[in-house]
Amino acid sequence: MRCGIGHLPGGCQRTMGLHCVLILCLFSGWAVGYKQGENVTLYVNKVGPYHNPQETYHYYTLPVCRPEKVHHKSLSLGEVLDGDRMAESLYYIRFRENVEKKPLCTLTLSEIQVDELREAIEELFYFEFVLDDIPILGFVGYIEESGFLPHSHKVGLWTHLDFNIEYNGDTVIFANVSVKDVKPVPLEEGVGSVGGVGVGGGSLVVTHTYSVRWFESPLPHSRRAERLRDYSFFPKTLEIHWLSIINSLVLVVLLLGFVIIILMRVLKNDFARYNVEEEGGCDDLDQGDNGWKIIHTDVFRFPPYKSLLCAVLGVGAQFLTLATGIILMALLGMFNVHRHGAINSAAIVLYALTSCVSGYVSCSFYTQINGQRWVWNIILTSSLFSAPLFLTWSVVNSIHWWSGSTQALPATTVLLILGAWVLVGFPLTVIGGIVGKNRAGSFQAPCRTRNIARQIPTQPWYKHTAVHMAIGGFLPFSAISVELYYIFATVWGREHYTLYGILLCVFAILLSVGACISVALTYFLLSGEDHRWWWRSVLSTGSTGLFIFVYSVFYYRNRSSMSGLVQSTEFFGYSLLTALVFSLMLGSVSFWASLAFIRYIYRSLKMD
């Protein structure tokens, strides 16, 4: 039995807890066998404008053939998040039985309904049906514009659909719909006489029909995803530019090599110079020297806003774990790439389960740097991302609800996700925080910190925070700029991303570039006798999120045809959250890299 989220069966509510519902509803798509002549249910799902993938409405919001009582299908969590609202249709399809031009229903459309259909066709509305978990897509109508003077504008409604279904044995392999041999019913301005269509009393009478044709396929059910991958209702514009990807990888490797080699040579000279007259430990260094050696008594001085810094590090570590888990699960083939529902569900479950990571990392480091308000630290950690997420979702969901879009989540789904955070996410954050607090050791600073801070000399312009953020954000962004287009085209477009191996390599390179750039910028900062590296290391590479958001604006204006309040609000709202996630991840990586580097150079200086 498959547990639905939009309409949970009573048995599931009584016998399964929240964890079971979340886990069991993650994946679906096992083979379903049919007997000759057995009914194969066709579900109608949603409609929406072609250029706005996230603006979708229930299919029955249009004046189309519908049963007297609509029966909805139980959906998984991922399907609800993806905007699916499947309902039984009037199409009667029997397994391996052909049907020729069977009447579906006869509708009498009022002038308002005709105008509604005309508006939908002019906005390039497409529909999505689902048969045996296979999406079937087609356009609601036909539009043709030609000439300038006189201008010709023709709008037609498809009233006949040809369903072409492929099977192997007792399983369905593939299905699509075509209208190539069908003439559309014209929808002219104002209801008038239409050839072949009954007109009267200010109304338009249309008869919907359909045909079903079955074709045997040699492809087994286990490989039907290949058939879905090879066929696309939408034009395939995404081409894999291997040369660009390889070029990006080579440039990144060269960059890392130059940074590492140059930094090692500079450090070698520094060690040779600083250790010439060194007689004792780190505390007895000659104060006449300059550079990073002279600030050894201040470099480990704890920063302001310690709780916020630790929360950033904790949530960043959580998203690093979550992103790695999602990519590895995709590499193992655990997701159906043709539907985003499974990835959405996995992301929610992993976010709740990895909350213990954020609590542990945040509280552990907070205790090490002598933080006292650890309860407040746990609350701040748990809300650092969830609060902006809830605020953004509230605005986006309200606009979807106001417009009648299926992207607006039903109350049961909202309660389920809220329950996952209240009953799983937040408690795991608290547990992780308590464990981290109890297991936290000392900070392990190689040098002692004096009570009075050393005065920081005036810094040149190229060592200011804004310059470091520009450099530290642009270089990691350049490492992922090629792959970023493919990801945007998948999330906000019609493409299907399958190169998870390359994605894993790019993700690893992104983290490596962020760490190396952070170390280099931290060294330049310390060389200027500026010991305020704590927050600077987070902001320098964390600014990559700003570049990603700027790219999202560029993508919206120049690479997509999205428009309207509904689509724009969702795009920019979730693009801001994406930028925040990248900032937290890379800020955490750059901080730990800088901390390890600083400990290394001062420990080496003390030991020599």
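Cβ coordinates are placed from backbone N, Cα and C, and glycine is handled just like the others.
Summarising the annotation, TrEMBL assigns transmembrane segment to 242-264 (among others).
The feature transmembrane segment is assigned by TrEMBL to 308-335 (among others). Beyond the transmembrane segment (308-335), the same-chain residues lying 6 or more positions past its ends with a Cβ under 8 Å from any Cβ of the stretch are 27, 342-343, 346-347, 350-351, 354-355, 357-363, 365-366, 369, 371, 377, 380-381, 384-385, 500-501, 503-504, 507, 511, 534-535, 538, 581, 584-589, 591-592.
Annotation comment: TrEMBL describes 341-362 (among others) as transmembrane segment.
Within the chain, the transmembrane segment (374-396) has long-range Cβ neighbours (under 8 A, six or more residues past its boundaries) at 307-308, 310-312, 314-315, 319, 355, 358-359, 362-363, 366-367, 407, 421, 425-426, 429-430, 433, 437, 569-570, 573-574, 576-577, 580-581, 584. Here TrEMBL flags 374-396 (among others) as transmembrane segment.
Here TrEMBL flags 408-435 (among others) as transmembrane segment.
Marked as transmembrane segment by TrEMBL: 466-488 (among others).
A Cβ distance under 8 Å defines the sequence-distant neighbours of the transmembrane segment (500-526), meaning residues of its chain 6+ beyond its ends; these are 245, 248-249, 252-253, 255-256, 259-260, 263, 266-267, 291-292, 295, 299, 320, 323-324, 327-328, 330-331, 463, 468, 471-472, 475-476, 479-480, 483, 487, 532-533, 536-537, 540-541, 544, 586, 589-594, 597-598. Feature annotation from TrEMBL assigns transmembrane segment to 500-526 (among others).
Summarising the annotation, TrEMBL assigns transmembrane segment to 533-556 (among others).
Same-chain residues lying 6 or more positions outside the transmembrane segment (576-602) and placing a CB less than 8 Å from one of its CB atoms are 267, 270, 282, 292, 296, 299-300, 312-313, 315-317, 319-320, 323, 384-385, 388-389, 392, 444-447, 472, 476, 510-511, 514-519, 522-523, 526, 533-534, 537-546, 548-549, 552. Under the heading transmembrane segment, TrEMBL lists 576-602 (among others).
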